[in-house]
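What follows is one structure encoded as structure tokens, with my remarks underneath.
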Amino acid sequence: MASLIYRQLLANSYAVNLSDEIQSVGSGKNQRVTVNPGPFAQTGYAPVNWGPGEVNDSTVVQPVLDGPYQPAPFDLPVGNWMLLAPTRPGVVVEGTDNSGRWLSVILIEPGVASETRTYMMFGSSKQVVVSNVSDTKWKFVEMVKTAVDGDYAEWGTLLSDTKLYGMMKYGRRLFIYEGETPNATTKGYFITNYASAEVRPYSDFYIISRSQESACTEYINNGLPPIQNTRNVVPVAISSRSIKPREVQANEDIVVSKTSLWKEMQYNRDIIIRFKFDNSIIKSGGLGYKWAEISFKAANYQYNYMRDGEEVTAHTTCSVNGVNDFSFNGGSLPTDFAISRYEVIKENSYVYVDYWDDSQAFRNMVYVRSLAANLNDVMCSGGHYSFALPVGQWPVMKGGAVTLHTAGVTLSTQFTDFVSLNSLRFRFRLAVEEPSFTITRTRVSKLYGLPAANPNGGKEYYEVAGRFSFISLVPSNDDYQTPIMNSVTVRQDLERRLNELREEFNNLSQEIAVSQLIDLAMLPLDMFSMFSGIESTVNAAKSMATNVMRKFKSSKLASSVSMLTDSLSDAASSIARSTSVRSIGSTASAWANISEQTQDAVSEVATISSQVSQISGRLRLKEITTQTEGMNFDDISAAVLKAKIDRSIQVDQNALPDVITEASEKFIRNRAYRVIDGDEAFEAGTDGRFFAYKVETLEEMPFNMEKFADLVTNSPVISAIIDFKTLKNLNDNYGITREQAFNLLRSDPKVLRGFIDQNNPIIKNRIEQLIMQCRL
């Protein structure tokens, strides 16, 4: 029947040993190679400590002083100080709103007695009485009029030994400096027509942002920095502020050295790294109040971004190292909330991000030196994860944060089904941040780090920007590509596809009709018919079968049969040479050995349930290695697998070995087996449940463990497709004959098909429960 596929795999999986040996010998072969040192070799010299080379810094430093600029009328930007630096007496600056205020600032040299001077202010000649009694300080006088034809009046003064003056538009006021240095302060005048206020300076000036007002005050009181007082500083026209900035080519390829065949290229690149964490959350069995594990998993992310007008396709893999294991135990009762282990990354942990993109820099990244990178920091904050309890309020794990600081960059390799990709591995060290993480409704609080429950905090990805640079030895002909050396790496892409395949397989369980399942289970499915649902199977059947056998050889089922075969060989060697060993089923001494081990366990283990669990673990091996006419659990398992393969769109040649191996181990975990002795039936399940009953009346009787062990040794083991509870329920509600009972006990497929065709709800429900257990 359908379980023939498993028997074929068990019989043929050992035939690939020679192929494995040849492959291992080939991969472990050593080869002597003579290298002719070229112009890039450092032969005959001590080891060289390579420096990082040229790494462009993209940090923008905003200067405090913007200037100096040549005198010219312009619209002073709001929120910026104009710092004037006149060199001779006279009108320094004029400012007006053309409606209610005209301001003209005059500079008077030291030691001037009261006298009348003529100044040109706003295009008109005006006579003003001025004086400066100080012998050391220069005097700025603010002359203001409030009408076009009005007279000027003195409003304020600034005595300065630095000969500097400041003016700013902000908050509908015109601010200036008054008082005496080194204690000059600002003062503001309301302006009626604020938007149209114009300023005309008559000396060189600087522009300082209001955010740097403290620096401006420092200059007014104590003078400009020495660098501004040299003849090398030349004022420029204020129109230069309107020149549009030109983008610098930050991403560049530099030829360091070149010969006829090889050249050294330095690649400087901007980079945007996006990554995310993944996790695995596993619940324990039982009533649903306990969790077994919450751990980090490697996560892949693919994205596009623009670099100098070019769209770059990038791929990252994020993994963690140095995790910290925490646990919580709310009590010993089955209904007490508990987490056996949950992982947290803290200061002693590291985060690795492997980055690759499709740009020219990564095309020949094989022989690399002078690798360096500068990256920004990124903060990762945890989100909420609710532990869904069957009853009561749910505990919630929330909070936790860490900051990732760059700690270095190395080369790494990402391996896919089609190509090996040399990539950059960015290493980040961690620092814990606020907030701490807690588990509500428990004593767990104020712990620091990032737990694995929800490390992405609702974000699709985290992003880091920066630059990297390295020098690569590449072929001089750009059309050539350096071959990438073979490397053994984790196949993250296949694992991602398997996860998608598992999810699709589990969703397909609801689409399998029970009648179709029985039909498939009755077919003699071999390896080729199992593969018939895969595209291009005929061309690749041989290699696919070899891959399936190689993978299946390491499964738990194959290992168990291998151990059993060894024990049978030992038992057979102890039998007289004249005895003919025809099959596993006829070698009674080997199974007697199992019986003896089971009887020894009777005295050691306290409960019959534990004894049944121990012996039932071998019942599948007893059944699978002997031919029986009835349907067994492996027939159903193989039939479900075949039905899902035919419907799946994710399965392919590479995923099939993992699928079949995982199905052999995980499909139908809760199995029950029975042995029949006349009118008595003994039934034992992998969950520790056991029954003994009369076939005629389905009346229970005491379970004799020793007799059960003897029957296992000498009698056929049958899969309890229709277990005792279902059988009794069927008899109580519908009534069955003695012959029907025997046929159901033997798992006769024709009788099962008859009940299903009659749409019997009890039998259909039992088969559907078995189908739902076929999950990856």
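Glycine too: its Cβ is placed from the backbone N, Cα and C atoms.
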Handout entry: Annotated range (Swiss-Prot: coiled coil) out of 169-203, 204-238, 414-448, 484-518
Key = 484-518
Handout entry: Least surrounded among the disulfide-bonded residues, given as C318, C380, when other CB atoms within 10 Å are counted
Key = C380
Handout entry: Within-chain partners of the region 'Hydrophobic' (389-409) [C-beta distance under 8 Å, separation at least 6 from its ends]
Key = 287-289, 335, 337, 342, 344-346, 350-351, 371-375, 377-383, 424-442, 447-451, 453-454, 464, 466, 468
Exercise for the section: Tell me the residue counts in helix, strand and coil for the region 'Hydrophobic' (389-409), as DSSP assigns them. Expected result: 0 helix, 14 strand, 7 coil
